[in-house]
Structures are given as structure tokens and as C-alpha cells.
Amino acid sequence: MTLPWKQLLLLSIIDYCLDSGSFHGPRWRMEPGDLFIPIDSIEEEATLTCDAKGTPSPQYRWSLNGTLINLGLDRRRRLSGGNLIISSLDRYQDVGMYQCMAYNTVGAILSRRASLQFAYLDHFKVHTRSAVSVREGQGVVLLCGTPTSSGDLTYAWIFNEYPYFVQQDNRRFVSQQTGNLYIAKVEPSDVGNYTCVVMNSITKGKVQSSPTSLILRTDGVMGEYEPKIEVNFPDNVPAAKGSTVTLECFALGNPVPEITWRRANGVPFPSKVKMKYSNAVLEIPSFQQDDTGGYECVAENKMGKNTVSGRLAFYAKPQWVQTMKDTALAIEERLYWECRANGRPKPSYTWLKNGQQLLSEDRIHVEDGVLSVSALTLSDAGMYQCVAENKHGVIYFAAELMVLASPPDFTGNLLRALLKAKAGTTVTLECKPQAYPIASILWKKGNLVNVILKKSMITLSPDGTLRLANVSKSDAGSYTCFARNRFGMSSTTGRLLVTDPTRIIQGPVDTEIIVGESIVLPCQVASDPVLDVSFSWAFNGQLIAKGDGHFEFVGGVTGDLMIRNIQLYHAGKYICVVDTDVESLSAVAVLIVKGPPSPPDSVTVEEVTDSTAQLAWSPGRDNGSPITNYLIQTRTPFTVGWQRVNTVPEIIDGNTLTATVVDLNAWVEYDFRVLAKNSVGVGEPSPVSVKTRTEDAVPDAVPGDVGGGGGSRYELVITWEPVPEELQNGESFGYIIAFRAFGEASWTHVATSAPGASRYVYRNDSIAPFSPFHVKVGTYNSKGQGPFSPVVTIYSAETEPSEKPAGVRARSVSASEIEVNWQALSFIPERVLGYEVAYWEDDTKPETMGKVRVPWNQTSATVSGLAGNTQYFLTVSAFNTAGTSPFLPAINVTTKKPPPSQPPMNVGWNLMGSQLSVYWEPVVAMESESDVLGYQRQRHKEVITLTTVNATAELTLPEDDEEYIIFVQTLSEGGLGPASDPIRIHQLSKLGVHVFLLKYATQSISVTDSLWLDAIGVLWDSSGGCSPALNATLHC
């Protein structure tokens, strides 16, 4: 049926919105799953989930057993979103198969079917069970009589009373298929009461039967008989893919039968197959196609055997292997969809549109998994589902069909407003409007319609594409494409500009360069002015990015490339790529980078002696410049870093790959490495060789700085500088010490095995004090004895002075100093090097002791740094290298009180002409301080000091242009007190009277020219430096 124009246009707009993503049919996010509800939960609610996405948002309907549920009239069922919630569950009304439908304005889809079942387990009927009477040795079956139930059940049997359960073994078996208890051969111990226990695995409910008594008959014992199989499996057992299959087989018999299993085809069981309960149960986990076939159970005893067999058949629910996709087709086009699924048995197919089954009619053809619809109309749009089903399951797959109808539209596919093309090339103008159905195409150039097609170099393809071959300037101009279908017409226009070819007038050339240098690779072109030109560079196939540390694009409108600080890895192929609107050109150059050689490799040490090692290596890359020679370096635990060594040959040319290293130390571990050199420079070192130790040898180094002397009485102390470990030449290194008294001919030899020893003490009571000896020290190791050092003369230990100085006296000079005097020792047998004054504050505190030493030619010493007004004990002794003489009895002296701690304050001055009057406040000493005896005034250039007992002083200043620094300090027995703040007198002050204070602690002196500061004896200059002045008393 042909729709009116306006209706068609409206439908085309709707379909365009669908195509652009505004509307979508429903898609499942969550489908309902099977529910198995315990009957004791019947008061609770059951929820069947259903959730779909789509635009607009989907709505939902539910059906039960194929009948639509009227939720408006059903008070127990309601929707929450798409979920169906059932309250006040009814065991009979609510059981069945449920299916959800989601729908919106685009279409509808059906969910998978979900079952709702109730799990329950009824009680056994209450009645007394008859006793079972059997002969000993006879087999018996005790029936469980399972009550009505729903849900998976498990069985067990109680023997006599709870919790004693029947233990299954080769004689007793509880079938999980029938629930019955089988005893292959009854024994007297089996007599008792048996109760069947049934448990529902879903409800967890448990019920027990009435007990069945098993008693023995007294009319004899059952004789032996062949097996009778009581528990077996069906002839045909369907098994799902991936499931666990369990087969049971148990036989009665006397003796107790042995159960075995085998496959009918004779193939051994795979390792996954398990046998349980004395082979009564065969379990096959993860069932697969390979597990199908015949299975046999054999029950056998000495009386015979019996066999049962059956076949395991493989089945699988359908699984998709091919599905369809959402499709948008133009009106009047043909739809072809195909879906395929695997399954066992082979699935059958049906097709649904918006939840309703499709049948073959008119334009629609349905066959197996194929759906085809010819001459599509707008009414064919909607949601389609392919359904694959076999007796074990059903699956659904949905796809959306959009039927499009619209006039031609060039939106997003317009001709380029300006298309540039190089003369002589082929130009393609595509005319691809969006049109449903496909539009017919018409071209014109300027105002001429289809005249362009008369040219032999112009062709029009069936899809509307216009191709212009070997274009020239005459082909330039405006081109318009017209598209028309039954819904309308549209057009698009573009302009073609034909340009002259671009040429590279200066490109890069093959170049050689040295590592570390820089280079510019040129790339310059001549092009049509209307073209936009861009440059890019590739290095060994990789685009060079701007901002790379070594690469820089230079030259402005040109494409020159600068490479700074070139490294070896910059060698290779460089391509300058020139891109314009119409073409792409390139120029290639190879850059060869020369650098120092790469490290040699595989350094090996082949022959080693005590002083040489022969090395071999393989060359590294020469990096563009032949290797001229090799250098060898070594490292030991005793060297700092790597050292170059002597070799044979002395100069190793670039073609030589072996050399002998000479002048090595014996018995030292060496690392070796090799460096290569060429005209560019020395390359990186090779990997380090394996550590190699030279052979041992007799020592050739002698101990240095042999000497001695000192020590205790009767001792001869010999010292030397130990031989470094790297010069010991072998293991078990030690020293041989040789000595003899002056005038003797024979030597005394002593050995020490300590390689780090540097001192030996020889003690003998016959050694006279301070007597001369000849001494020499040699070396030895495990290879033999080395050389001795030159002979030196040393002296034995001397004895301390035996006499003590006399006439010791001391006096306090100030609060911090004591002067000590004594008489010199003369004509004693021992040597006197000097005198030692020991002093301390308290006899009971030896840690307060201090010492002052002076040379032998002095008979006085000053002890300074003492505390004021403190008693000190002092004594004097003579000393030499053996020690000190006996100390004199201690004398004591008390230091004077310290000077006043308060400096003179408020120092002022008057200057009239050259007469200077200085005045200050007198200082009053505290009780713990020395009395003030007077004051000292100092003015500096020649450090002039004046002393007075008054608090004023008069000074006459010289006739010069100097300035003066003056300060005042107290004078006491304890010494000089702290100085007043200094005052500075300018000679210009003669013009008037000034009184001021200059405080060093808070004010600095600003000096802008050379200036003598007499107070501190320092010369400042305008450069900011300082140097000592004459008579300086302080230091910079």
C-alpha cells in the first residue's frame, strides 16, 4: 500500500532518528531464572527478574504457561520495574513456566522461559512394617517406600537406633536412585531394626520411615549361589554436556560378589572416572562427547557372574554459533538473516517479530534458521528474535530491523568546497548522499549538464563517482552533483583547482660526521603559491617529533633539520617528507656517524706468571673509523680505580687481539679490561675479565722506615713500615728482624708471621740503658726469603731520671696564672729531656690534674687558664722517654681574686684644642673580686697605655688629622677587668665639644676609604678587605 507523502516523510524522519541513536528497541540486561522454592517458605514472596534497556524505556508483560497474566485483576502478583513479584505463594496455582516480554515503541522481545517449582517432602505413612525373615547367607532388599516429594533427595538407613547408620561396603549398599537398602549376604550381625531416612536437598527437610525388622530364619543356612544384580541402570541414559553422571550397580550373592566396570568398546576409563562404595557406583565428572557409548557392570563370585549394560547418550542444550546483527535497510530492499546453533539433538528454529511467531507468506520466507523478507516496507521495522530449541533447552537472540525512507541528504558527505589537484593526476569526485531508496545521480560543470561526460578522460561510475584522468588547467572549475529519488532531490557543489607540480630543489645528501658535532640536513622546495606546504622528517622509519633533544626544525618556511651533538645511534636513513594539498614528495639521505670504537668483547686471560698475564679479546665495532690501537687497564683491591699498565708489545695496533701485560705484582688478584682507539678517540671499556691471581714469588720489597728506640728498661724496640699486601708476593708472609749490639759481629734473628706487624720488642736484663744497636728487617713468604732493609742504628730503652729538681717555689701572678720556678738538675747519669709541672685543685680529685712541660734548658713555667681565688697543688719532676723522675712534695698556691666583672661606665670626654679630658664612673669591686688599684686608658695607633688611680684623665693629642679610639678598663691584683665601650675621637672635634659612646656589640663602623682603626690595630681599605696593622693586638 502506498502511503501519503506526508506520512512517508514523517516515517522517514522517525527512522532517521532511530539510525542516529535516538531510539532503540529493548535489549535484555537480566532475564528470569528458574526458581525452586521450599514449601515451608510459601508465606514469603517470590521474585522473577526481568530488566531490559532501550529508548524509550521498555515496559513489561508476563505470561504463565503461555497465557498472559492480567496484573490488573491479580492481587497476588505485581510488577517492580520489570520484575514479577508473587506474594502468598500457592503450590498449585503458581507452579509453571513463566516468560517476560519487554516492549517499547520500536518493538518487543521475549525472555527465556523460567520455571517456578515448589520443593517438598511428605511424611511416610504411619504403619507398622512387616518383619523380613531371611536365612543366613541369603541376600535381601529392604524397601524404603519414598513418600511423595519434589526436589533432589538423598537416602540413608539407621541401624537399630540413631545415630548408628548403616555403613556401606562390598556387602551393603544404599541406592540413591531407589532409596532401598541392599545386603548381598546376610550375616548374624545384620539382625536388627532398619529405618529409612530421606532428606530433601532443597528444603533440608528430613523424614524417617517406620522401622523394618530383619530376623534370621532357623530352618537352615543359605547355600552358595551366583550373583543376582538388583541395582542397575537404564538401557539408555541421556547425559548433559559438563554434568556429572552416576551409574549404580549392586548384586546379591553368596559369596559376596565383586563388582567391576568396563566400556563396551574396550577403551580404558580416563583418570577422571571414579569408583565408589566398593565399585557399586561409577561416577563420570564433566561429561563430554568422548564419554558416550556402552557401559557394562559385571558382578562375579566363584559360583558365576552376571552382567548388565546400558548406553550413555550425549545431549547438549542449544548454543549459538551464528547470530544476526542490528540492521538498517532502505525501503524496498531485501532482508536476509541467518542464525545457527549447536545442540544435541539438533535444534529446530522459529522466528519472532515483536514477540509473535513469523510464518512464510507473501514477501516473508522462513526456512530452518533463515529469515528473508523481500521489498521491505516501513511496517517491517521492529524487533526480531531467532529461537533455537531442542528437548533440553531453548535460547533466544534478538536484533532490530530499521527500515529507512528519506530524500537524498548530503549532510556529512558534501563535496569539498575547494579541491586542489596536481596537473596530470586523476581526480575523484564522490557523490554519496544518504538516500533511501538509492538516488539517481546527475553531474554538471558550471552551467553545463552532462557535457563533461563527452570528454574521453572523464568517466561516471554506477555509484555516482566522477573520475577525471590526467587533469589540466582547463578542467578547473565548479562541479555540482544532483541526487534524486521518489522522496525528493538534493545537490552539492565544489570547486576544482589544478596546480603546478611541486619540486624539491635542495634535498639532503649522504654525509659523514663525527660524534658530538652538529649538522643541518636541507630540504627546500619550489611549489605553486596556492598550496599549503608542510615538512616532516623520518629517521629509520620513525617519525621525528618536535621537541626531541637532538633534533630541531630550522629554516622558517623551509624544512631544514638540525641535528645537535650527534651520537652513534643517529646514524641511518633520513627522509624529508613534503606534503601539500595535492601530493607528497620525499628525499632520502644516509648519515654515517663516526665515533670512538665500541667496547671490545670477550676479554680472556690465557697465561699467567708471577709478573705477567697474556690477554686475548675480540674487537668491537669501529664506528666508521678503523681501530688504530688498543689500551689495557687493570684494577686490584689495592688501587683506586683503573690504571693503565705496561704491555708487550708496548703499542698494540688495531689488528692485534692479544698482548702480554708485564710488571704485575705477584700473588695479587687483577681485573683486566681493554679499550679501543681510532682517529676519533678512545671508546668505552670492554666488560671486565674474570678475576685472575698472579702466581706467587719470593718477596722483593723491603720494609721501609726501619728505626726504633724508647720502650721500658732492658728493652730494645725495633719499628718499621709494614710491606703493603700487594707487595707481599705470596701466602704466609712475615718479617725477619736482625739486630746486634754495637761492636758485635754476629746477628740475632727473630721471625714474626704477622704480615701487618710494624714493631718488635726484644727484652733482656743484660741490655744497658741507651746503648746503640745495629738493626735490619727482612721479609719472607711461602716461596722463600726476601731482601733485608739497609742497616740502621737505634738505642735501647733508657731509664727515667733518678733525681728530682730542688728549690721549687711558686707565686700567683693573677687570677688565672701561677708562675713556678726550680733549680736545674746537673751531672746525673740519666738523660733529661725536660721538666714537667703537675697541678691540681684538690688532692682527693685526681681528675682535676693538669700538666705543663718545658725543655731541659728552662727552669720556670707559667700555668695559665686557672680559676680565680682557688687553691692549687703543684709539683715538679724531670722526664725523658722512659718516664718522669720522682715528684717533689706538693706545694700549694692560691690564685688571686678575679678582676671586677663590671667595666667602667658612662665614659665621656671634652676636647678643647688638643687637650682631651676623659672621665668615667668609678668601679666598685664585689667582695669576691680584687680591689681596684687604678685604671688604664688606651688610645691606639701606637697602642698608648696610661694608668691612673683617679676617675679622670688628661691627654694631649698630637697635631695630626687622625681619629682615635679610646677605652678604659680597671687594674687589679687579679689582672685587667673588662674594657669600657670604646669612644671614637675625630680630630675635627677640635671645633667643638662632643660626648658620645661607640658600642661594638650594637654598632658597626662604616669605612668608605683607607682608614687606620688604632683601637684594634687593623687596616681597612675601600675594597672591603683587611690586613694587620703595625702593633696589632687583635686579628682579622
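Including glycine, each Cβ sits where the backbone N, Cα and C put it.
Feature annotations, courtesy of TrEMBL:
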DOMAIN    26-117  domain 'Ig-like'
DOMAIN    122-213  domain 'Ig-like'
DOMAIN    227-309  domain 'Ig-like'
DOMAIN    318-402  domain 'Ig-like'
DOMAIN    408-499  domain 'Ig-like'
DOMAIN    501-586  domain 'Ig-like'
DOMAIN    599-697  domain 'Fibronectin type-III'
DOMAIN    702-799  domain 'Fibronectin type-III'
DOMAIN    804-898  domain 'Fibronectin type-III'
DOMAIN    899-992  domain 'Fibronectin type-III'
SIGNAL    1-20  signal peptide
For the domain 'Ig-like' (318-402), name the stretch out of 26-117, 599-697, 702-799, 804-898 with the most CB-CB pairs under 8 Å.
-> 26-117
Would you mind splitting the domain 'Ig-like' (408-499) into helix, strand and coil residue counts from DSSP?
-> 7 helix, 48 strand, 37 coil
With DSSP as the reference, give the number of residues of the domain 'Ig-like' (501-586) in helix, strand and coil.
-> 3 helix, 41 strand, 42 coil
Integer average pLDDT (0 to 100) for the domain 'Ig-like' (318-402) | 94
